[in-house]
Structure formats: C-alpha cells, structure tokens
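Worksheet: the structure to be examined is printed underneath.
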Amino acid sequence: MKELAAAELGHLLVFAFLFCVGAFMAAPVITDVTMAALCPGQDQCSLAIYLTGLQQAVTALGALVVTPVVGNLSDRYGRKALLALPATVSIVPLAILAFNQAKAYFYAYYVAKMLTSMVSEGTMMCLSLAYVADKVPEAGRGAAFGVFSGVCTAGFVAGTIAARFLSVSSTFQVATLAAVAAAVYMRAFVRETVGGASLLRDEEASRRLLCAPSSSADEASPRLPPLRKAPSLPEMAALLTSSSTFKRAAVVTFFHALGETGLQTALLYFLKAQFHYTKNQYANLLLIIGVTGSFSQLTVMPLLAPKLGEQRLLIVALLGSCVHGFLYSIAWSFWVPYLAASCVILSILVGPCIRSIVSKKVGPSEQGMVQGCITGISSTASVISPLVFTPLTAWFLSENAPFNFKGFSLACAGFATLVALTLSINMRPAEVQPDTK
C-alpha cells in the first residue's frame, strides 16, 4: 500500500512540475513584454505598474471567493475532478502571447490571465496539498508538504532556465506546450484519492440504505451532493475561528502574504528603475531564488520539520522572510539583490509550515476546505497589497518622490512580514499539536 501511495504521489509531483514549468516560464519575460507593449523604450512606466497591481488585486479577489469553494467541493467530488479545472484554464493566456506579443494581444492576454488566474493559481496548490494530506499520515505531512512545494519550485527553476535561453515568442510557445502536457498527464495518470470525497460518498450511501432499505440498486449507489452544499462565508469563518491554532495561522498567513505580495508587486519594477535590469538579469535572479528554494524545500524542510516542529521552523522562516525584504529595499549595487535572494532558503518554508499546522487539525473530509480557507486568507491579503504597494511603488520610483528611497515600498513589505513574525512567536507550541478527539 505504501508503494502504491508513493507511486500515486509521484504522478501528482510530475503534474505539479509540468504545471509550474508552464506557469513560471513567463515570469522573467512578462515585465519586458509589458513595458514594450505599454511604454516602449522606457525604464519607468507607471501604467505598467498600475495594471500589474490591478491584475494582482482582481485575481486575488476572485481567488478569495473561488478557492475555498473549489477546495470544499473537492472534499465531495474528488481531488482529481477539480484539479482538471486549473490545469485546463491556465493554458489560455499563455497561448495568446505564444501567437503574438503586440499591444492588442497583450491586452487580450491581460484580461485572460486575470480571469483564469482566479481559478488556476490558488486552487492548484490547495487541491494538490489536500491530495497529499489524503495520502500521507500526520507524522510525515510536514515533510511531504515541503517536498511537494520543492517540486513546484523545481518547476519554477526549469521554467526560468528555459526563459533564460529562449526568445520571447519561443518562451510562450514552450510554456503553452508544458501547460498542455501537464493537463494531459494529470488526466491520464493521477488517480483519485480514497479519502475525503470517498468517505463522504460512503457515508451518504449508508444513510440512504438505512432510510430506504427497499430502494433499487440505482438508488442505493453513491450520488454526488448538490452544489448548494458549497460552503458559505460564515461557515468558512466558523471553521477558521474554531480553534486558536486556526485563528493564529490565519492572521500570520494574512500578514505574510501582504508582505510577500507587496514584494512581488514592487521588486521587478524597482530593479528596472534602479539598476536597469533586463530579461536575462531577471532570469538570473529568479533562478537563484528557485534553486535555493527548491533545495530548501526538498532537503532542509524534511530534515528540520521533525526535529524543530512546524511552529519553531515557522519562526525561523519568517525571520528569513523579513531579512529578504529589508535587504532588497536597501540594495546599493546590482549584485545585492542576488545576495538577498539567498534568504529564500528560509523564507520559502513559511507556506509549508502553516499548511502542515492547519492540516493536522482537521479530518480527511475537511482537508480541501481548510486548505482552501488558508488560500482564501492569502488571497485577501493579495487583494489589499496591490492597492497599497502599487501607488507607493509608482510614487517612490517617480521624480515626485517625497524623499530619495526607491526601495521604500519593499521596506514596507518587510515590516508587514515582521508583524507576522511577531504573531508567530506568540503562538504557544502546544497550540499546534494535533487534536486528540
């Protein structure tokens, strides 16, 4: 049975790798594509910054609503059935820019990316982690989440390396092929789990047999519950406030996501204005981040999580995240961002630690729901963050800045992560132990 579970997880990891290759291959290129379409020949472009921030905010707002619902539906309909949704829709925006990168096509990509990301970005991670939780016992779940995140980061590395050596048009063509391969592989090889949805279906079938023993065989067969059983916002709020662990994890997730999204909103445009970074330099920086993060999640997380526990490791990871943001903000030379990127070896462990902590507090039929709620909290921060950091970044990169500190918005992102660190320190280790009901 263990060998079978390992093989099934292996198929999930291959799917995640291919999905991330396609999704992240565009990252080093999209800033130059956006600047070329909107402000050709310029190193600073407020319109590009504002449109990027708007896209992040709208995407996060949609994910806030969609991800918890999809996570809960996966508890009832199955993980694989719902994974087909993000795997398929993520192909569309990549295919648009694979065809052409002219201004009209960029706007078509922009709208398509904004709409499809509501479904694909948060739900893929949420459903995959619920799948892992179905397959892995509590004792090894933290390490398993780290390995899964490490494979996703390895996909990020592979996509970044490809973008480093491909032309812009070829980058989007290869990314589209990778996204199509991920969807096909998932449908062909990833098998449905035997927890979560299966347990609920068995329970409902048993109740129908008890209530109607004379029913026909067709009536006694398991039926999927109606869509009206999708969770409401009060139900999700009740889950998150049902224990001190959930409440602490939700607040830490919010402030960490607020800082991380702010960093992502500002960083590439800051580097463009401050050091005139190009596609290749973006790719080199993202490559350092990806290789370091993948190494950390595949080796450091499995080694340290059993020894330190997820709560203590979370504190260490948040400390690294603070240093990460502050060091970017005071970068005085083009090589300093590369040094700051090495802090990812710690900061990237924040997500797996929080996911593992909350996963151990619920049963197999609630894994999709709780992972979706945590993703929803992160999406809430991702809605707010661009509204704050986009105008702040544009202001301090412009000639009208109140004082000469182009990295001010990055420093503010570091302070948001510092709040998350303070809250995580106040979490008592006893709060993160599995419930013994």
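Along the chain as shown, the residues are counted starting at 1.
From the backbone N, Cα and C atoms, a Cβ is placed for every residue, glycine too.
According to TrEMBL, the protein has these features:
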DOMAIN    3-432  domain 'Major facilitator superfamily (MFS) profile'
TRANSMEM  12-35  transmembrane segment
TRANSMEM  47-70  transmembrane segment
TRANSMEM  82-101  transmembrane segment
TRANSMEM  107-132  transmembrane segment
TRANSMEM  144-166  transmembrane segment
TRANSMEM  172-190  transmembrane segment
TRANSMEM  282-301  transmembrane segment
TRANSMEM  313-332  transmembrane segment
TRANSMEM  338-358  transmembrane segment
TRANSMEM  370-396  transmembrane segment
TRANSMEM  408-427  transmembrane segment
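Mean predicted confidence for the domain 'Major facilitator superfamily (MFS) profile' (3-432): the pLDDT average there is 79. At the 8 Å Cβ cutoff, the transmembrane segment (370-396) and the transmembrane segment (82-101) share fewer than 3 close pairs (sequence separation 6 or more) and do not count as touching. With pairs at least 6 apart in sequence, the transmembrane segment (82-101) and the transmembrane segment (282-301) have fewer than 3 Cβ pairs within the 8 Å limit; the two do not touch. Contact between the transmembrane segment (107-132) and the transmembrane segment (408-427) is not supported: fewer than 3 Cβ pairs lie under 8 Å, counting only residues 6 or more apart in sequence. Beyond the ends of the transmembrane segment (47-70), by six or more residues, the same chain brings 31, 34-35, 38-39, 82, 85, 110, 113-115, 117-119, 121-123, 126-127, 230-231, 236, 261, 264-265, 269, 368-369, 372-373, 375-376, 379-387, 389-391, 393-394, 397 to within a C-beta distance below 8 angstroms of the stretch.
Sequence-distant contacts of the transmembrane segment (82-101) (same chain, six or more residues past either end, CB-CB distance under 8 Å): 15, 19, 22-23, 26, 33, 36-37, 70, 73-74, 108-109, 112-113, 116, 119-121, 123-124, 127-128, 131, 168-169, 172-173, 175-176, 179-180, 182-183, 186-187, 190, 368.
Against the transmembrane segment (338-358), the recorded stretches 144-166, 172-190, 408-427 differ in Cβ pairs under 8 Å, and the greatest number is found for 144-166. Only sequence-distant pairs (6 or more apart) were considered; of these, fewer than three Cβ pairs between the transmembrane segment (313-332) and the transmembrane segment (172-190) are under 8 A, so the stretches are not in contact.
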